[in-house]
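Features reported for this protein in TrEMBL:
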BINDING   E117, N121, D163, M168, S183, G184, Q207, F208, G209, V210, G211, F212, T262, R457  ATP binding site
DOMAIN    110-272  domain 'Histidine kinase/HSP90-like ATPase'
Amino acid sequence: MHRLSKRSVTAILRSTTAARYRDVAAPISSSHFFYDSADGDSKGRWYSSLTSGRCNVNGSIKPFKSTNEPFLGCRYESTAAASDSPSEKFEYQAEVSRLMDLIVNSLYSNKEVFLRELISNASDALDKLRFLGVTQPEILKDGVDLDIRIQTDKDNGVITITDSGIGMTRQELVDCLGTIAQSGTAKFLKALKDSKDAGADSNLIGQFGVGFYSAFLVSEQVEVSTKSPKSDKQYVWVGEANSSTYTIREETDPAKLLPRGTRLTLYLKRDDKGFAHPERIEKLVKNYSQFVSFPIYTWQEKGYTKEVEVDKDPAEAKNDGEDATAEKKKKTKKIVEKYWDWELTNETQPIWLRSPKEVSKEEYNEFYKKTFNEYLEPLASSHFTTEGEVEFRSILYVPSVSPMGKDDIVNPKTKNIRLYVKRVFISDDFDGELFPRYLSFIKGIVDSNDLPLNVSREILQESRIVRIMRKRLVRKAFEMIQGISLSENKDDYDKFWENYGKHLKLGCIEDRENHKRLAPLLRFFSSQSDEFTISLDEYVENMKPDQKDIYYIASDSVTSAKNTPFLEKLLEKDLEVLFLVDPIDEVAIQNLKSYKEKNFVDISKEDLDLGDKNEDKEKEIKQEFGQTCDWIKKRLGDKVASVQISNRLSSSPCVLVSGKFGWSANMERLMKAQTVGDTSNLDFMRSRRVFEINPEHPIIRTLNEAYRSTPDDEEALRAIDLLYDAALVSSGFTPENPAQLGGKIYEMMNMALAGKYGTVGGYQQQVNQQSYIPETVEAEVVEPAEAGGQK
């Protein structure tokens, strides 16, 4: 931090009228009182450092209570006459009704933020005082500690917030609290910026100027009592909700005088008196203002245990009298003595303001567990500061286990990112503004100095600052995940992939800009690694020298993928094939398109090129089986787009492949399973199927001979139909009529068994008459009970 010269600060003060309160109100200050108790007197008296008056304090007093702690909850007996000075009435410089509408409907969607705003004001007043005290030590001569104190009266619904900050003069009250949306903090910062010597970061919070008026979200009346070191008098500002005027008067009651600072008293509305409970105030302070740099004390009820004597029952006393030799012992019991005292509420210091070199791994993990209520240590963390066009500090974590379950990857309401503005908590309710939803599992803290305190979702969506922050946060998240993948302990990334693998695959679909960062993090099973997943880098390293593409097959399980007929020729050539067994895998790979200049190729699609074409041999095979292919196509009709010679089969007679731009069998299965899917596209996307035959298989050679001798033979034609249905099943498609397929299989079984053990007999005639339906005409619906020819 640069230091300002005394001359520079003097110039600043002249140009600002005075250093004012952050969001309009100068903060609130506590005075010091001293406790005095005579021996044996259970009632103590509190002495004000400003007056000679006393006040009686009823109730038990903690014996070891400090004698110099401030006490704001008593009434004072003063010898001075408390005559009220005349009040002056002022008009606001804007319509309060419009202001309240702005605050309630636009700036603040949650009433409880009023305390955050007022504490931020108090923090600003303390910051200004500390800053000006460097060159003007006389303003700190009273020696009052720099702190914020909050006291509540739940019976009457009153909240008192006191700080020992800079305070305000009478003119500053008129300028700041009488002018809507005027910020003393903004003027103070502008003066620092305009000064030649201004290189200092005063770290003030508010610049917008409406934070003070958030008090009217919950208050019927607000009273501001303030004392500036530049004035000998203390003034009281009083305003009411839905009123166009306010009053200012001089404070003449010696019991209410402050050495310095501001006391803000809120008289709550009937429906909002619940905010006056000490437990509620403590919770709000810990939630929103936990990391404010000044100590915040709240007035809390406490208790300590002590032993007291208990009177004996008459029966016990009589027994004791009969036994004169028995030693008499005093009977005691433990009771809890209640008392009220100040309690420091913001004990945790923000570790993100410290240098990463000074914070240990244990401290990071402890902060993670405490902030996000976790019991397991994170897999990784990243602490960084971004400077330049946008400045912010952040700590990000990768949790060990997904709290929402491995399958819940589209829930945007995670509350995993806590946004702070100058250490003041703003919100954790974001919908993808700071992180895309596929990285919603990342947890962390983001503290910005550039955003306003009244951040809403609309502001975040339209803010250029937030867009820049988002890019840098995403980049740091990827670096953190990449660090896990490169760790010596491979179990860490296996655990990460098990929990968050689907999130990264979703990122391949939604975030094209980060494909280069996402692709190296993906893991898949393969034909050469069906027990352990491999990365795309490992696949590329294992590729054959003449291999141009990355091959994959989508299926519902590793077992199904291993046994698919599409793999036969690739396994013979020792070509590795990725197994995409998650429903999201196929769409993710299709969006990636390529990796390291290698295209992804689905081996279940037509026009598969394995790099071993022999044009002479292909020409010879086409001449031999070309007419047979036409014969099979004529029989199958519109069920297939064409019949071709296959280059991917070695042991299977045929396979049914998808069109180059149509759905694969796996995708068709997934689309049919959609709850609200549109089935009208099914016919269009699945219409182009190619029936590929293996010319080396005995069944195909037999059909080739059948075509040459008797192309109209019924058994040969029925064999083509059964061959197509079998190819449907083996290729991963679903038969349109499973019952009819079952009938054909039963028929073939009967013929095989009858040929070996007996004659076909009447069963064959019954099948011919009832079960078999020529495929060249439109099929009728056959009930499953009639598939075998029996009713």
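Using the three backbone atoms N, Cα and C, a Cβ is placed for every residue, glycine included.
Counting every protein chain shown, the Cβ of G211 (ATP binding site) has 31 other Cβ atoms within 10 Å. Within 10 Å of its Cβ, the residue among the binding-site residues E117, D163 with the fewest other Cβ atoms is E117. Counting every protein chain shown, the Cβ of T262 (ATP binding site) has 30 other Cβ atoms within 10 Å.
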